[in-house]
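K.L.:
The structure's right below; bear with me while I get my questions together.
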Amino acid sequence: MSSDRGRDFTPDQGYFSSINSSEGGESHQSSTTPSRYESQKRRDWNTFCQYLRNQRPPVALPQCNSSHVLDFLRYLDQFGKTKVHLQGCIFYGQPEPPAPCACPLRQAWGSLDALIGRLRAAYEENGGSPETNPFATGAIRMFLREVKECQSKARGIPYKKKKKKPDQQSGGESTSSSTFSFS
């Protein structure tokens, strides 16, 4: 029993079992390697499950809620590589500070947003219900919005939606992008 403790998945859980299965040639994925996205999703899922097992007391996946997810995201900050200036820092709001400072490194908002997307998908692929998905709650969306706003203010770079370039459907005609407004 203790030898199974370090394992992330058992074969009956089904997550990526078709990729790892060498029998039953009917599986389309068994002959190909998983995509970069699928591999990252599996690593993220394994990391999150390990995080839950390491809690005292360990948290079973069905008991996982948005507070566990928020704790996990805060835990990940210690491995971040993005400098986020604190409000008292003389470089707060400067996109390219001229000197180093003691402000903490954090996970970048975009990385957290992508991570939550992968974990949200993995949760449902592992039998979780969309209605109970702890990665899809309002608390998680609010946390991500706050991180995004905080980081954009700290770096002095506002996050803006990128405007789509207009399609040039008529062969030789060129249209000015300033005449189009996309929201």
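Using N, Cα and C of the backbone, Cβ positions are placed for all residues, glycine too.
As listed in TrEMBL for this protein:
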COMPBIAS  1-10  compositional bias 'Basic and acidic residues'
COMPBIAS  15-37  compositional bias 'Polar residues'
COMPBIAS  170-183  compositional bias 'Low complexity'
DOMAIN    36-163  domain 'ALOG'
REGION    1-39  region 'Disordered'
REGION    155-183  region 'Disordered'
K.L.:
Mean pLDDT for the domain 'ALOG' (36-163), as a whole number?
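P.N.:
On average, pLDDT over the domain 'ALOG' (36-163) sits at 90.
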K.L.:
In the domain 'ALOG' (36-163), how many residues does DSSP assign to helix, to strand and to coil?
P.N.:
77 helix, 4 strand, 47 coil
